[in-house]
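Report on the structure given below.
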Amino acid sequence: MDVNPILLFLKVPAQNAISTTFPYTGDPPYSHGTGTGYTMDTVNRTHQYSERGKWTTNTETGAPQLNPIDGPLPEDNEPSGYAQTDCVLEAMAFLEESHPGIFENSCIETMEVVQQTRVDKLTQGRQTYDWTLNRNQPAATALANTIEVFRSNGLTANESGRLIDFLKDVMESMDKEEIEITTHFQRKRRVRDNVTKKMVTQRTIGKRKQRLNKRSYLIRALTLNTMTKDAERGKLKRRAIATPGMQIRGFVYFVETLARSICEKLEQSGLPVGGNEKKAKLANVVRKMMTNSQDTEISFTITGDNTKWNENQNPRMFLAMITYITRTQPEWFRNVLSIAPIMFSNKMARLGKGYMFESKSMKLRTQIPAEMLANIDLKYFNDSTRKKIEKIRPLLIDGTASLSPGMMMGMFNMLSTVLGVSILNLGQKRYTKTTYWWDGLQSSDDFALIVNAPNHEGIQAGVDRFYRTCKLLGINMSKKKSYINRTGTFEFTSFFYRYGFVANFSMELPSFGVSGINESADMSIGVTVIKNNMINNDLGPATAQMALQLFIKDYRYTYRCHRGDTQIQTRRSFEIKKLWEQTRSKAGLLVSDGGPNLYNIRNLHIPEVCLKWELMDEDYQGRLCNPLNPFVSHKEIESVNNAVMMPAHGPAKNMEYDAVATTHSWIPKRNRSILNTSQRGILEDEQMYQRCCNLFEKFFPSSSYRRPVGISSMVEAMVSRARIDARIDFESGRIKKEEFTEIMKICSTIEELRRQK
């Protein structure tokens, strides 16, 4: 399609063309190799920003720790992490004064959550550092391994199923002199294959017990594993992100619950809302500042950028905030909430896989694991790496680096937002006590600041005061990257505001196209994305129609399901043509079976099966929606499914789409190669969980699914449920006396076996 791109912009206002400058088409960059270098950068930078703090040594782990809190006040514009405790506490007090009861109410809400949350909350989330195996695992597996180790070491509070009880075990585990864990390992041996008579390598998986002393266990419990952040657009350099272990996660969850509850009550907070709700919140603040500045005042807005937000934040400051916020609350609650920041003050960063070396002349490759960096000869490294290693060496213990100052990415988004909002709150005239005043928006490290004043000097003074206030709380507004405009034009969290929000359509580009789940889900997701963009992102009818046609084309090429009457030859065309010829009502065939596309922009909300149902041949209906079809392994499909969309910025979003179960909703089988690796034990565990959960679901079908209340194990819940159901069935005559007696006997046997165990 040859279009002169200039033509596209003839009628477009300049501000709407902003989205064409975004780096969102094509594949995002991914990282390859190890993240060790990026992690060392993070650790070294963080220490540099706090270098004038006080050094101490952790008595338990022997880790050297740097504490910049209440350090020297900055004399230049360089980023620094010297937050002042009294300033932070005062900012909190003023925040509470402007919002009476906000902390009290949020604490009460959080206390309820703390008492009700179950351990399985921690199974959400993707990769988690598994301290028992010293590497990353899916969250559910990491949690299971942790609980298994706890129980074998006599820590059993977690059996109640409440998260708070699991956390009691975590606390107790840290006092134990030693902890015994089970690790997986691989044995390789060379054997001769009976058939081919060649030598092959045979792998066997073993489990062995290992004892960790208190120091080693504490180091693991406080470790954050690091990885490289993938798919970041518009950056030349990659950066490291952290994933904490199960000991830290539960505590962080409660702190963030409290902070989220506070953020919900703050009009300047861009979290936890998103999308249109966030835009409405934003527009309100702008409107407030514009209305108050009509005649006498001028109003300017800074599109703000902070330098290295995470690396200058400090867990000790968060501890001070929590201590203040919960000051009127019961002791147990204050203790639970203060543990996360204390653990972060003592955190260790795992350096990842280490470095790969290869010798061109000898065709050799070897991996230098992170553990060896402490004492390897540095002559093998290039200059920049050598400098990094020299700098980090004093901090190393067992391949992890002591990292007391700074927060790793994404850990306390809500709480750090509360800190940012507390500065915006200080912009009211009753606090500035002068002619200028400010307000704004904060969302994690991103902010927009609106300053009003009678003249330009006032604006400048206001910005300066804001900048210096930030410095006192360990926040560094970047003078190079922030820019100021007349109010009415600014950007905040990639929303562009120009007398109202301009749709930044380019950010949605990556989600257009075929997702690659299966034929049924992909069709549904594809049209839902187009529908959502018509609702939220100014996608006009003509463009939407074109997007739809391109999507169908893309879909047909992906699944090789071109129309039955086409000339295109693919691997499937023989079957599809045959189906086309024997179908009476060809309009009823799904696109994935070579049928025509009946979608247009008016009916995007209807699942394709429903759209075509009346047009289908009867035998086609029978084949399409037949749960007994032997060629399909069905999972039970909810009426609404969730796809994980990767928008251009921010976390992966859950997108709902309608799902109708057909023979096209297949699930690919698991790759076999995993069965030969040390992951195999984990896979078997997962299957066991799956079976247990399926069994549980049979006893508590979703229609009557209430979580068993009170403290009972899954087995106890199922046995008592079986007894109740059996009695009802017997009394209503649905089962005979013999069957009833047999069920009761089985239940008693199960209980007896449990007692003996």
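A Cβ is built for glycine as well, from the same backbone N, Cα and C atoms used for every other residue.
The following features are taken from Swiss-Prot:
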type: REGION; residues: 52-81; note: region 'Disordered'
type: COMPBIAS; residues: 55-64; note: compositional bias 'Polar residues'
type: MOTIF; residues: 187-195; note: motif 'Nuclear localization signal'
type: MOTIF; residues: 203-216; note: motif 'Nuclear localization signal'
type: REGION; residues: 249-256; note: region 'Promoter-binding site'
type: DOMAIN; residues: 286-483; note: domain 'RdRp catalytic'
Contact set, same chain, for the motif 'Nuclear localization signal' (187-195): CB under 8 Å, 6 or more residues outside the stretch: 201-206
Integer average pLDDT (0 to 100) for the motif 'Nuclear localization signal' (187-195): 81
Long-range environment of the region 'Promoter-binding site' (249-256) - Cβ separation under 8 angstroms, sequence gap at least 6: 110, 113-114, 117, 121-122, 125, 128, 163, 166-167, 170, 318, 322, 336-337, 339-341, 343, 411-415
Secondary structure content of the motif 'Nuclear localization signal' (187-195), with strand meaning DSSP E or B: 0 helix, 6 strand, 3 coil
DSSP-assigned states of the region 'Disordered' (52-81) in counts, ordered helix, strand, coil: 0 helix, 8 strand, 22 coil
For the region 'Promoter-binding site' (249-256), the number of residues DSSP places in helix, strand and coil: 8 helix, 0 strand, 0 coil
The motif 'Nuclear localization signal' (203-216) - residue tally per DSSP class, helix then strand then coil: 3 helix, 11 strand, 0 coil
